[in-house]
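A.B. asks: Can you keep this structure in mind? I'll have questions shortly.
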Amino acid sequence: AFRATILTRMGLSEGFWHHEYWLPPGATWEDMKESAEIHYPQPQDLLLCIPGALLLIIVRCIFERTVALPLGRSLGVSDKLRPKVQPNATLESFYILLGKTPKEGDLISLAKQSDLPVKKVETWFRHRRAKDQPTLMKKFCEASWRFTFYFTSFFSGLALLYDKPWFWDHNMCWLRFPQQPLLPALGWFYLLELSFYCSLVATLPFDVKRKDFKEQIIHHIATITLIFVSYCANLIRFGMIVMLVHDASDYILELAKMLHYMKWKWVCEAVFIVFAVVFIISRLVIFPLITYYYFVAKFQLFLISCLINTFLMILQLLHIFWSYLIIQMIFSVILHGAKRKDARSDTEESDRSEAEDLAKNK
């Protein structure tokens, strides 16, 4: 009855928590009994991610209004003037209900209904689509928030781990579990990361939408699943290593985006190259060849380890996809000076109105 209260609180059957699913062969939940001095991860702790995500969304709104917005203005970030869209009930109804880009036949039909030339109807839809595009200031504020979080997360994670002997152990003792007592600081860090990714999922419909929207959703779901599963199975140390490797490049990318929106071209490109190097080393070298390799090599197969392997592989496939975009951008834009076009922007108008948004990793 080691987790009786947990089963009751979370409404999950005892079979769900069977030790053969969650722990390696030979280990049971009895090995993780708590005492006054020793604590282990408890699944109900993760319920705090719900109020945590809501709190982060509130903090983000306050941050963007009181810090990012004034900062952007002081640094010269300004939105381009967009053409006014003349009110037209017929065209607006089609735009909202049937589509933002009407076909040639639809344009002719709408022109007759509105008593306008086809060219003017086409222009109206182009201006209307441009109106819906996120402003440069909105993009700057979003990048500022993510930069602040990723920067804080990465360096606080380093501060938490650098003095831990197991972090530097070449024998990878951080993979020995489940007998790893939970340090309170690591538990709170885990909860913060889970809350952050839950907040990203909640705000996805309102954030700047890019062409890799589906990949972002897959990434966030995989990340949330890995955080939840690794916490419940007491793979905290391994999870901390994985999160640290992933956070190493994120804040550099967001900084490059901010510089891009500020139109500091050469500084932006230099920072982006630094990001590309850190991203490729951390995601395509350290993660698969060191961190992930040792996880596969040291662990016996059981249900949760197979699940973790699956989601880690999904993340690695996304790393390869984003690495391709990053390398493509470096060669086509920075090295060859090609005209910038956002491979991840949502519409033609976004491409025309702004220079390329830097490719986003995760």
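From the backbone N, Cα and C atoms, a Cβ is placed for every residue, glycine too.
The DNA-binding region annotation in TrEMBL covers 93-136. Per TrEMBL, the feature compositional bias 'Basic and acidic residues' maps to 343-362. The annotation domain 'Homeobox' is assigned in TrEMBL to 91-135. If you look up TrEMBL, you'll see 138-335 marked as domain 'TLC'. According to TrEMBL, the feature region 'Disordered' maps to 342-362. Taken from TrEMBL, the feature transmembrane segment covers 143-162, 182-206, 218-244, 264-286, 293-315, 321-338.
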A.B. asks: Give the mean pLDDT for the domain 'Homeobox' (91-135) on the 0 to 100 scale.
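C.D. replies: Overall, the domain 'Homeobox' (91-135) comes to a mean pLDDT of 80.
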A.B. asks: By Cβ distance under 8 Å, which residues at least 6 away from the ends of the transmembrane segment (293-315) in the same chain are close to it?
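C.D. replies: Same-chain contacts beyond the flanks: 20-25, 172, 175, 218-219, 222-223, 225-226, 229-230, 233, 235, 238, 242.
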A.B. asks: With DSSP as the reference, give the number of residues of the DNA-binding region (93-136) in helix, strand and coil.
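C.D. replies: Across the DNA-binding region (93-136), the residues distribute as 32 helix, 0 strand, 12 coil.
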